[in-house]
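A short write-up of the structure that comes next.
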Amino acid sequence: MNGAPHRTIFLGSLQTYLCFYNRVWIPDNEEVWQSAEITKNYRTGDHVLHLLLEDGTELNYPVDPAPLPPLRNPDILVGENDLTALSYLHEPAVLHNLKVRFVESKLIYTYSGIILVAMNPYKQLPIYGDAIIHAYSGQNMGDMDPHIFAVAEEAYKQMARNNRNQSVIVSGESGAGKTVSARYAMRYFATVSKSNSNAHVEDKVLASNPITEAVGNAKTTRNDNSSRFGKYTEISFDQRHQIIGANMRTYLLEKSRVVFQSENERNYHIFYQLCASALQPEFKHLKLGHAEEFNYTRMGGNTVIEGVDDRVDMMETQKTFTLLGLKEDFQMDVFKILAAILHLGNVQMTAVGDEKSSVSLEDKHLNIFCELLDLDNDKVAQWLCHRKIITASETVIKPMTKLQALNARDALAKKIYSHLFDFIVERINKALHFSGKQHTFIGVLDIYGFETFDVNSFEQFCINYANEKLQQQFNLHVFKLEQEEYMKEDIPWTLIDFYDNQPVIDLIEAKMGILELLDEECLLPQGTDENWLQKLYNNYINKNPFFQKPKMSNTSFIIQHFADKVEYKSEGFLEKNRDTVYEVLIDILRNSKFHLCADFFQDHPVPISPFRSTITVKSAKTVVKPPNKQFRTTVGSKFRSSLYLLMETLNATTPHYVRCIKPNDEKLPFEFDSKRVVQQLRACGVLETIRISAQSYPSRWTYIEFFSRYSILMTQHELSLSDKKKICKTVLQRLIQDPNQYQFGRTKIFFRAGQVAYLEKLRSDKLRQACIVIQKNVRSWHQRKKFLRIKQAAVTIQQYFHGQRAVRQAITATALKQAWAAIIIQKYCRGYIVRKLCQLIRVAAITIQAYVRGFLARKKFQKMLKEHKAVILQKYARAWLARRRFQNIRRFVLNIQLSYRVQRLQKKLEDQNKENHGLLERLTHLASTHGNDLDTIQKLELELEKLATQKRTSEEKGKKYKEDTEQVNLPVPEPSNIKNVSTDKMDDLTKQLFTDVQQEERQRIILEKKFQNEKQDYEKEIESLKGEIKTLREEKIKLQDQIQEEHIIQDDLKLEVGQLKKQAKMIPELQKEIELLQTQKMDVEKQVQSQKREMREKVSEVAKQFIESYDVEAVRSRLSIEDLEHLNEDGELWFAYEGLKKATRVLESQFQSQKENYEKEIEALNFKVVHLSQEIIHLQKLFREENDINDSIRLEVSRLTSENMMIPDFKQRISELQKQKMDLEQRLQEQAAKTKGKMEEMPNGVHHNLSEEGQRRTLEDQTEIHTKEEKQIVTIQEIQEANNHLKEQHEIENEVKSKIKQEAFHLTLENMDLEEELDMKDRVIKKLQDQIKNLTKTIEKGRIYFLRFKIVLNPRGVVVNMIPGLPAYILFMCVRYADYLNDGDMLKSFMSITTNGIKQVIKEHAEDFEILSFWLSNTYHFLNCLKQYSGEEEFMKQNTPRQNMNCLKHFDLSEYRQILSDLAIRIYHQFILVMEKNIQPMIVPGMLEHESLQGISGMKPTGFRKRSSSIDDTDTYTMTSILQQLSYFYSTMCQNGLDTELLKQAVKQLFFLIGAVTLNSLFLRKDMCSCRKGMQIRCNISYLEEWLKEKNLQSSSAKETLEPLSQAAWLLQVKKITDDDAKEIYEHCTSLSAVQIVKILNSYTPIDDFEKRVSPSFVRKVQAMLNNREDIPQLMLDTKYLFQVTFPYTPSPHALEIIQIPSSFKLGFLTRV
């Protein structure tokens, strides 16, 4: 892609952004660029742009003929670590970003793509310590803030990963800090690659810097320590990436400085160091004085540098000479030559006329010069003023003028110094030479940057020529990296225009170029600068666009370099290029008796560097070689050749660029001169990098960063998608309509210039709109609350006003008295209520106390009860193993019992069915009786009706009789006798009727009572019948449910029956397989028996060899006591014992493993047999249940038919049940058919499994094959028996029982065989152990005890169910035994072996945390035992009388206690190191990078140096990882019985490491210094505090170690604007130093536009307050710091006599005395 089209696209899009409130950059004469705000929207065709400057000035900026001004980046992007992260990439944006970082944030390093821009702060900064080096070691380049260490780490990492040579190219003008940057890079390599050898190669490599700076650096007007030569240092590494040596190449030493210095400049430092040390005894023979006394050191006028002590520097120089192996005599030779140069400069030349000059032979400095170099005074005096001209015919001696003589003297001094400089460099290279093979190297190039002065001469020409070559290489590398990035991301790649300076390089070095014409002119005897310049004019004016002639000068020429136009003065070019010294003076020096001076001028070949044979460099471009050998004698040709070699080396390596910038010429700290900085940016290629990036896609975001940043612009539908990459694509296509403005890569999104700013504008607009809505609602709520408050106040005032008015109207004396009385009454009433309440509370409190005390007592009782139960459980648990074998036998009895119980259950089921049948019969009987009762009731009702009719007839008769009587009683005129007769008859008749009526009435009443009684009886019977009917219906429902369940069971049974039928068909086929397997089994058994016989023979042979080879008594008789002691010292017996013991252990482990395998297999077979028998019984039961279900169905049908007589609805139910029965029978037939098919498939599957099983096993597992085959046989037989049982129930039961008995008997026999074999092996092992014991009787008992104990002890096995420190108690009991015997030698030997053994274990397991924890705990317990039983009163206070009886009687072990204490401290430190090593990789990802609080993201663009991130980051460490690791440490320490105080100290150390590493990383990562990140850190600290609380470790002071980190998190969140905020920061941040507080404030980075940066004035306020503090000005915390460990004395509560040694320790050789 070409630059022009993208330029138009950018301008087109730029016009859309030139709207109201946007900001632009306009040119300014003072600040280069000035910011302005647009006050009126720009439209196409407008001639001016309406702007408002930052000082309030309005400006109409013309834009019609001129281009549109560049846009300013959003504030959120200002201050970025990488300039390529800026949305708008142009010169003002770069300049402003550098200024903000340098002036406001006090950050001197910034990335610009692959370049590190380093600003010289002119101030010592605390960012170069070892802690900083370790913080950057192993980190990716984009993970930390920009730093020279980050570039060095990247070079080192690429070298180690790719096995490719690297180069770090440090360039910049004088005073920019190149030397310091190169020195820090070399120091980083020396620190991170430190080897374990004693050669200290790293220190030697670093020591070369002070020497080369002393002889090659000087003070200039721009820099107090300016390098006056170029240097390329190759640091060599071996295959382990450790430094093994180095080599140095130098370029273009400024020799003219030896004899001339400008004003306020100095000569090389070494001269002033010598003069400052002149009064030292070892330097008196040099006859030096103050630097003011010598011409070569006083020309600049100022011989002292402020803040530099030349005498101290001289001592440092001597020390580094010594470190490099350059001895004092060599140093004195060098100092002699340097002193001779100073004295030569003071030699006075006297003019003799106009054509001659002379030197006095009595000249003091001439004599000293000749004395130091051992030269002839007369010859030197003569040839300093004369020269020899040799022609073809004669030799002429010509005198020189005074000026010529002075030039000859100065040329000699320069020549001597040049040779001395080369000689020192050569000796340094020899000192850094290595004998091994170089694997890779890293080169550090410290070379002068582009220079342009008022007067530029030959030196500036060569420097700028070198920079042209370096810039060309840099441009090609940048272009290549851009192309690789695009190809890696699958972005279409087209051509980008970039500046190629090859024409300028051709102008200088090509054939008939400037250098060749200069060398050609130097060959001419009469060659002059004017003639050479005239040739340049003739060849290049109007022919080469990069060469120009100044308008006002005929002695200069101009070259258009890549950085700027430079005008060179031709005067002195030829002289400096020739660099000639008269040959006679060279001969005088060559004949010197001072060997070093004579060697300088000998004609010997140039020594070959030791690195040239191992380093193969291949030029990336064809090198133009010099056409003539004579050209090589000139300075220009030499420089060109060395530059070719340098470019070859750089092209064969991977370069890393550091561009040093000088911020101002006054050397003021953190002052930014925009003009000077822009000039250097243009010269060093930074802006060219920016230009190349801006032409394509400069802004690059990973998908996860884009999603996190711009999720606020996404719709709900877009967020619902699961693929974040797809979401990003959808959002961008919606937000940016032009698809040419971005590209989607594999892991990143590429944006053109300005697009990120546009997205930031959309984001800020969205946030601003949301803020407006929030503000609207908040203000509405606030005003509403205010109105309601005012309204309530008004109502309250009205109430009080109305009340006061009513009181005034109603108040009287009576009312006052009543009110007073009411108050008195209220007083007493309230007092009474309060007293009652108090009494109630008191009673409640007493009640609560009673219940609480009762609860505590019950709890205590429960605890005691639980402990008692635990003891009982332990008792029964120990008996469990014995009962388990009994349970195996009991299973057979249970099987018989189960069959018997099944029969009983069947019988019970039959009884239940009979009972149900009886109930049905009873129900039918009750129904028939009920019908009979109904008939009798009907009969009774008929009789009742008859009686009722009789009653009615009788009543009618009575009525008729009454009527008749009434008629009789009428008056009749008859005589009285008739009357009497009739009355008597009527009385009789009446009485008779009355009696009849009474009898009928009585009969009626009796009948009614009888009827009523019968009716009640019938009603009772009906109720009872209804109840019975109800219960019968319920029973019917239950039976129906049971029928349904039985139908389901029947279906399952039918399925299983079908499967078994199918399996039965495969039995004949499997029998053949069984026979085959049995034959294989016999073969395997034969092989096993043969192997057993061979094993027994081998064991017997080993035993015989042991017995025959070691005759203990013979050995003891042959050896004296001294010989035995000598053998023991040499360890020969011990080594023999160790070998035998290892062999025994191997046999033991093999036999034990075989025994365990056999036991497991037997157990598995027993379980399989039981399982199969249970399955058979289950099948039998299911078959019987099926028959029972059929019988129950028939009974139910018959019962339902009988019930049909009483309940007609039962008929329909019976038909339904019959249909269900038919369906069940059909399903049963279908399932039988399916199972038949499965049975046919089963033989193939079993055969396949058996074949696979046979192929998988090897000869070593033949016993296992045997057991597997038996299981298969058993399984087949059991299936066959199950099938037969389905046919004949009773027969199969007997067969299964007999088969189980046979199998159990068979397994029992096998188990007995295996046990017999194991017993035989145990007997063999015991024999071997007895032989070993007999062989090692001469070895001391203490050594046997401890070393056997040490070997078999396994911490994981010890800590389970054992008392803490059990090994320590065992060791102490051995010590007590030696004390009991009063055997000092035994005790001494045992203690020494114990300590040495522990040291050996710790050494072998230096990285095993569990082993270290185990032995730290036991060493501590052992130390406490030695104290507790030492017999000293201070340690016996808490002992029991029994423990005091066990105190040591004969020996004082205080010396050994000190040894053990030192050993415990050593273990503790190693223990802490292992924990720190395990947890340190988790700290920064978990504490800083992981976002514990969801939804609070602090992600920002990071530019070219992207941190590695992806959509899925599940593999990274989180806060949970840290907590899990801490919990693992804690649980392990607790399991190993580590003392609580020691555990707290270890946790405190870990928490200090977490806080220190997190805080150090925070200091070095500006992107982490934000308010949101402070919230995340505070949340993570709370997690750690919760962990401490959970583990009950609050008293460990671990929380206090996190206080600096906690204060840093608070500082990130607190407001930082007003004076009160500054005071609050000063008062609160007491655990942070002033440097740390200022660093956090300067690094504070807003995440959103709504956050404000910390102003420099606020930082100055805080800094002024902090000046009163007296703290260490150190930025980084020392992560290697260890708190002092203390081992508290804690007496053991365990008595020695109750301690038991578990059998798992295998310490049977120890016996209790």
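Keep in mind that glycine also has a Cβ here, set from the backbone N, Cα and C atoms.
Automatic prediction, not curation, is the source of TrEMBL annotations.
Database features, via TrEMBL:
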BINDING   Gly172, Glu173, Ser174, Gly175, Ala176, Gly177, Lys178, Thr179  ATP binding site
COILED    895-964  coiled coil
COILED    997-1105  coiled coil
COILED    1148-1175  coiled coil
COILED    1207-1234  coiled coil
COILED    1276-1338  coiled coil
DOMAIN    78-764  domain 'Myosin motor'
DOMAIN    1391-1668  domain 'Dilute'
REGION    643-665  region 'Actin-binding'
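Taking the mean position of the Cβ atoms of Gly172, Glu173, Ser174, Gly175, Ala176, Gly177, Lys178, Thr179 as the ATP site, the remaining same-chain residues with a Cβ inside 8 Å of that point are Asn120, Arg222, Asn223, Ser226, Ser227, Gly449, Cys660, Lys662. Look at the binding-site residues Ser174, Thr179 and count other Cβ atoms within 10 Å of each Cβ; Ser174 has the fewest.
Residue density at Gly172 (ATP binding site): 26 other Cβ atoms are found within 10 A of its Cβ, drawing on all protein chains shown. Secondary structure of the region 'Actin-binding' (643-665) per DSSP, as helix, strand and coil residue counts: 9 helix, 8 strand, 6 coil. Non-local neighbours of the region 'Actin-binding' (643-665) in the same chain are 98, 102, 112, 114-122, 148, 151, 154-155, 158, 162, 164-178, 181, 185, 222, 232, 249, 251, 443, 445, 449, 465-466, 469-470, 473-474, 477, 615-621, 623-624, 671-673, 676-677, 680-681, 684-686; each lies 6+ residues outside the stretch with a CB under 8 Å from one of its CB atoms. When the neighbouring Cβ atoms lying within 10 Å are counted for each of the binding-site residues (Gly175, Gly177), the highest count belongs to Gly177.
In this structure, of the binding-site residues Glu173, Ala176, Lys178, the smallest number of CB atoms within 10 A of the CB marks Glu173. Within the model, the domain 'Myosin motor' (78-764) shows a mean pLDDT value of 83, rounded to a whole number.
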